[in-house]
Amino acid sequence: MKWSEISIHTTHEAVEAISNILHEAGAGGVVIEDPYDLVKDRDDWYGEIVELNPDDYPEEGVVIKAYLPVNSFLGETVEQIKQAINNLWLYDIDLGKNKITLSEVNEEEWATAWKKHYHPVKVSEKFTIVPTWETYEPASNDELIIEMDPGMAFGTGTHPTTVMCLQALEKYVHPGDNVIDVGTGSGILSIAAAMLGAHSVRALDLDPVAIDSARLNVKLNKVQHVVTVAQNNLLDHIDEQADVIVANILAEIILRFTADAYRLLKPGGRFITSGIIQAKKQDVKDGLLAAGFFIEEVNVMEDWVAFVAIKP
């Protein structure tokens with residue numbers, strides 16, 4: 001089988017949105033080539049187990065590569081991807097160069113092209129994310145291993161916004177808690193909450209691709225007895241109270257349901273949010289305060305912001 005590699009030269013700000021567009025288009029594996037990875041302080045990420053080749057990275061911006069099967073629908077699929085990316089300006093997302101190129105690769109090249117970019121990553125005091133094909137021995141009995149397959153939608157969960165959410169969950173989820181994960185994507189945050197001892201976790205997403213991905217990952221990590229994956233639009237028609245609500249999605253989407261999050265949280269409950277670029281930081285802060293929240297933490301990693309807000 002032949003594959004077409006689609007390469008998009010863009011900005012840090014656009015990475016997550018474009019990655020989701022590619023996965024929704026049926027991409028088999030997505031690679032993010034970010035030159036910041038070559039120079040970032042590894043201590044910030046608890047020691048990443050990686051081997052990086054500078055020749056694989058652009059001098060500026062970010063290159064996202066994905067692999068699409070070569071078939072009669074390829075041209076139409078590529079045009080849909082281009083249109084969806086161009087529409088991101090409606091959300092004030094800077095696309096940078098927005099240069100899109102195509103090249104053909106064979107099955108063998110595709111099978112290894114993106115795997116070389118993924119290795120075990122320790123993202124917090126407890127959590128290490130491990131690709132399914134890697135053999136990894138925990139450094140201690142307290143280390144929690146989340147297995148992820150980057151071939152599934154939404155990657156391995158090592159994006160800064162995901163890392164900050166994982167770190168916040170580790171701090172604020174307690175045994176017996178009820179947790180709601182809005183816009184679950186791969187399900188990684190729901191899996192983490194379950195591993196931390198949550199009594200029940202609701203993993204919600206409107207995208208059927210995300211639902212399938214989350215269910216597969218939940219089963220892979222053997223937490224299906226705790227995590228319920230369901231298709232739902234944000235917090236619409238959700239009534240049960242939660243100790244923690246987490247959402248790693250665009251700032252504009254977060255602002256649509258801050259009032260619902262406040263309504264569903266128990267007193268003292270926390271709303272953990274990320275997916276927020278620096279330019280949207282004040283907008284989200286204002287929205288949280290207007291809903292009645294107290295801002296407990298504001299964390300920053302690279303160009304991204306995460307809030308921990310508490311319901312008094």
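Note that Cβ sites are derived from N, Cα and C of the backbone, with glycine treated the same way.
Now, the feature entries from Swiss-Prot:
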BINDING   T162, G183, D205, N248  S-adenosyl-L-methionine binding site
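On the structure: features taken from Swiss-Prot.
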residue : record                               : DSSP (3 states)
T162    : S-adenosyl-L-methionine binding site : helix
G183    : S-adenosyl-L-methionine binding site : coil
D205    : S-adenosyl-L-methionine binding site : strand
N248    : S-adenosyl-L-methionine binding site : strand
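Neighbours of T162 (S-adenosyl-L-methionine binding site), defined as other CB atoms within 10 A of its CB across all chains, total 26. For N248 (S-adenosyl-L-methionine binding site), the same-chain residues that are 6 or more apart in sequence and have a Cβ closer than 8 Å to its Cβ are T161, T162, C165, G183, G185, L189, T273, S274, G275. Residue environment of D205 (S-adenosyl-L-methionine binding site) contains 26 other Cβ atoms, counted within 10 Å of its Cβ in all protein chains.
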